Amino acid sequence: MLYLEDYLEMIEQLPMDLRDRFTEMREMDLQVQNAMDQLEQRVSEFFMNAKKNKPEWREEQMASIKKDYYKALEDADEKVQLANQIYDLVDRHLRKLDQELAKFKMELEADNAGITEILERRSLELDAPSQPVNNHHAHSHTPVEKRKYNPTSHHTATDHIPEKKFKSEALLSTLTSDASKENTLGCRNNNSTASCNNAYNVNSSQPLASYNIGSLSSGAGAGAITMAAAQAVQATAQMKEGRRTSSLKASYEAFKNNDFQLGKEFSMPRETAGYSSSSALMTTLTQNASSSAADSRSGRKSKNNTKSSSQQSSSSSSSSSSSSLSLCSSSSTVVQEVSQQTTVVPESDSNSQVDWTYDPNEPRYCICNQVSYGEMVGCDNQDCPIEWFHYGCVGLTEAPKGKWFCPQCTAAMKRRGSRHK
């Protein structure tokens, strides 16, 4: 029953052996590279001076160069043999581990039948992550084209997570249509605050679709969505240029990091989301309008203190109406900005919610500096620092034919070409 202790004692010297052999392999690799560089220089000098010297000198130099080439080839073969020895060493230890595990399993089964299956299942449950990490999957059943990048190598597929293909029309159309309905109902009737309030009540009496953005619940109203989008766009604009993204993931992160609390604003049920959401939104609008009006009047001195309450109420209602109209117009502007900046959004069912949780250690790609998802294309420049790009970020809809270079590499090649001219 001391299999683990024996195996640990056996592999105690393995790291040192591997380090010594890898060091020797690196030295041999450098030796071969230096020899090849020197031989290339000798060959170039040989061809430059071949016509000036006698045939005997040419034969002698040719034989010397061949001899040195064979010496470099022998060193390269020795390096390959050393790599094979390292592989055999590690493989031998792995086979030993499998044998010890099989013996240990037989002893456990002899004492308690079926105990190994229970232990293995429990170990798998402990090793499994608490939340699914994979958010985006490409269709694994489709053949991978030459220029397409398959991101499933970076994600572990699970059976209970449906495959999602990201498009911009699904969520964007719902967002803009509901916002345009609200602006039409709430902003055309600009005579008083009551007309705008009635428009919100009419709009909120209809059942609203679920938006499925993280913890965003259904029935929140398009006005609240546009206000949240405004704060998200503002937070995204303040990010560094390399960290901006063309998907709604940055907007969702801005929702979470901003003062606009989604958990409190959108946690109401569908039954009570009709009138309560519209009244809460109208209260927010009137409070903002009254506060702005109070700030604008703070620098003035009141010359007449005997105004009637009806005049004050009418003036406050008119200012509230104008501020509400300005907020409605700004909301529509924000929706347009979001529709321009957004290129990929998830296509999901109305009953499911998108899980935006991803591994922070996962490699980033593309000019948007995001993880791999959907269809990706690779730059044919071997020195490209980014290498892989999302189709939507570089304006592609299908795999390019022939060689393809990213915008950065294309601009760099144009600069080099103009410099040579």
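Every residue gets a Cβ built from N, Cα and C, even glycine.
What Swiss-Prot says about this one:
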- 129-164: region 'Disordered' (REGION)
- Lys148: SUMO2 cross-link (CROSSLNK)
- Lys165: SUMO2 cross-link (CROSSLNK)
- Lys167: SUMO2 cross-link (CROSSLNK)
- Lys256: SUMO2 cross-link (CROSSLNK)
- 286-324: region 'Disordered' (REGION)
- 363-412: zinc finger (ZN_FING)
- Tyr365: site 'Histone H3K4me3 binding' (SITE)
- Cys366, Cys368, His390, Cys393: Zn(2+) 1 binding site (BINDING)
- Met376: site 'Histone H3K4me3 binding' (SITE)
- Asp380: site 'Histone H3K4me3 binding' (SITE)
- Trp388: site 'Histone H3K4me3 binding' (SITE)
So, by DSSP, how many helix, strand and coil residues make up the zinc finger (363-412)?
-> 9 helix, 8 strand, 33 coil
Round to a whole number and give the Cα-to-Cα distance in Å for the pair Trp388 (site 'Histone H3K4me3 binding') and Cys366 (Zn(2+) 1 binding site).
-> 6
Within 10 angstroms of the C-beta of His390 (Zn(2+) 1 binding site), the count of other C-beta atoms across all shown chains comes to 26
How many other Cβ atoms sit within 10 Å of the Cβ of Met376 (site 'Histone H3K4me3 binding')?
-> 22
Which residues does Asp380 (site 'Histone H3K4me3 binding') neighbour through Cβ under 8 Å, counting only same-chain ones at least six apart?
-> Lys403, Trp404, Phe405
Under 8 Å by Cβ from Tyr365 (site 'Histone H3K4me3 binding'), same chain, sequence gap 6 or more = Val371, Ser372, Met376, Ile386, Glu387, Trp388, Phe389, His390
Under 8 Å by Cβ from Cys366 (Zn(2+) 1 binding site), same chain, sequence gap 6 or more = Met376, Ile386, Trp388, Phe389, His390, Cys393, Val394
Averaged pLDDT, computed only over the residues in the zinc finger (363-412) | 86
